[in-house]
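This report refers to the structure that appears directly beneath it.
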Amino acid sequence: MTLLITLIAAVIITIVWYTSPKARKLKVGLMCYMYWGASIMWLVDALFEYKEQGAGYFTPATADMINDSFLGICVVALGTVVWLGTMLISDPEGVVRKALTEKKQ
């Protein structure tokens, strides 16, 4: 499930990055790298696990599927938080800088 969730996130973010010039300006490509990297990591993990378990790999227990789903969702959320942190630090459109330097009346 972790592989499927990160693959879905990677494909969606890649489509958004490819079709939207504003997404490129907002560095959505960073999320593409994170999600594709996680997908490759879990693909390699799945291959090695299949090598060890054989056909049993394709019949996981319900608790394992729930844990893997939770892990996949957490990884996608963490990738989004890292991207948001990068956006706050780099501030490509100057929104944060403007809000901090604006005088309160």
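Numbering starts at 1 and runs along the chain as displayed.
Cβ atoms are placed via backbone N, Cα and C, with glycine included.
Note: TrEMBL annotation is automatic and uncurated.
Listed features, source TrEMBL:
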type	residues	note
TRANSMEM	6-21	transmembrane segment
TRANSMEM	33-50	transmembrane segment
TRANSMEM	70-89	transmembrane segment
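Below 8 angstroms of C-beta separation, residues 2-3, 6-7, 9-10, 13-14, 57, 75-76, 79, 82-83 of the same chain, each at least six residues beyond the ends of the transmembrane segment (33-50), sit close to that stretch. Remote same-chain residues near the transmembrane segment (6-21) are listed as 28-29, 31-32, 35-36, 38-39, 42, 72, 75-76, 79 (criterion: CB distance under 8 Å, separation of at least six residues from the stretch ends).
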